[in-house]
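Marked as region 'Disordered' by Swiss-Prot: 1-23, 75-145. The annotation compositional bias 'Polar residues' is assigned in Swiss-Prot to 1-10. Among the features that Swiss-Prot reports, transmembrane segment is placed at 40-60, with the record citing sequence analysis. The compositional bias 'Pro residues' feature in Swiss-Prot is assigned to 86-141. Summarising the annotation, Swiss-Prot assigns active site to 288, 305, 358 and lists sequence analysis as the type of evidence.
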């Protein structure tokens, strides 16, 4: 039984729900969902706009250089936190150095490590293992030579001297012209009028280094025949009669033998062929006039080369002429048994700065010798080449003016001695 004082609780039944009406979502959760979607769309829009602005102001290569740009690089080590860039490797040594102690190993304990004792190097270096040879040092790049490096360095003073030498040569060539065989023969004819003892030997065809000895011997043989009253055996000159030639041989005491020389031909026939070719071209080329004076009265052979050693060295030429002088002593002996002597006239290059004045220099030296055969006029030559050729030019003008009145390529008439 229940006590009457206790209140009796009654349960009120719930009203019945209509099953035909749909269940609606509450308005508060719906508003939260819309806010999330709007914030997400706004964030995406801001990201897109930011990337678009970045693309407008930077190129693709600039984007790659940014530190946040993703670049995949192969890595052999895994770093737990931050990857530290490795330093550039130093070039390996060709030969290991055992004397250098290895670097101490640094450990990273929680407490400071004790100092590691230094390891003393071994007394003798250990040889590298044959299986692992030491790496070779990198080869240094070859220096690239430019066109300026290939050309030798020429000082400025050399160019100045070359310019002065060219100007000096032009002045000298304008002062003294080249003399051919015709002018030289006319000059000899003019000298004969001044010195009757000189015989004007023809210079065409001229003597050469291959036949000048035979020509001298032939003239001396003909002179002996004339003195004996015998007919001459040698060939007569082209522009001289036999009677006039005999008178010249009878009274001559000096033979001026002009030699034409070219360094290329090695025989007499080749020399004559080269002479013809240069005459057709109208050029002197490398030809050169030489002079051999046969002084019969003084018993002397005088050799003059204005280029000093163009044919051969003066020592070799003197030996050759001394041998020839012994031969002349037998061909044309003296009454008092005096022997022929040899003299090399030039002691240096006379025609400095000129390549075509050799013929004029030979005539100038012959003129000096005719005036005084015992005085060496070459010792009084000016040192300056221009001044030296100016003096030669005055001699050339005097000779050219004197030979104008002489007949063309005809021997002057010699006077009979008895």
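Using the three backbone atoms N, Cα and C, a Cβ is placed for every residue, glycine included.
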- Tell me the Cβ neighbour count for residue 305 (active site), meaning other Cβ atoms within 10 Å of its Cβ, over all protein chains shown. 28
- Message: Taking only same-chain residues 6+ apart in sequence, whose CB is under 8 Å from that of residue 358 (active site), what do you get?
- Response: 288, 289, 290, 306, 307, 351
- Query: Which number gives the other C-beta atoms within 10 angstroms of the C-beta of residue 288 (active site), all protein chains shown included?
  - Reply: 22
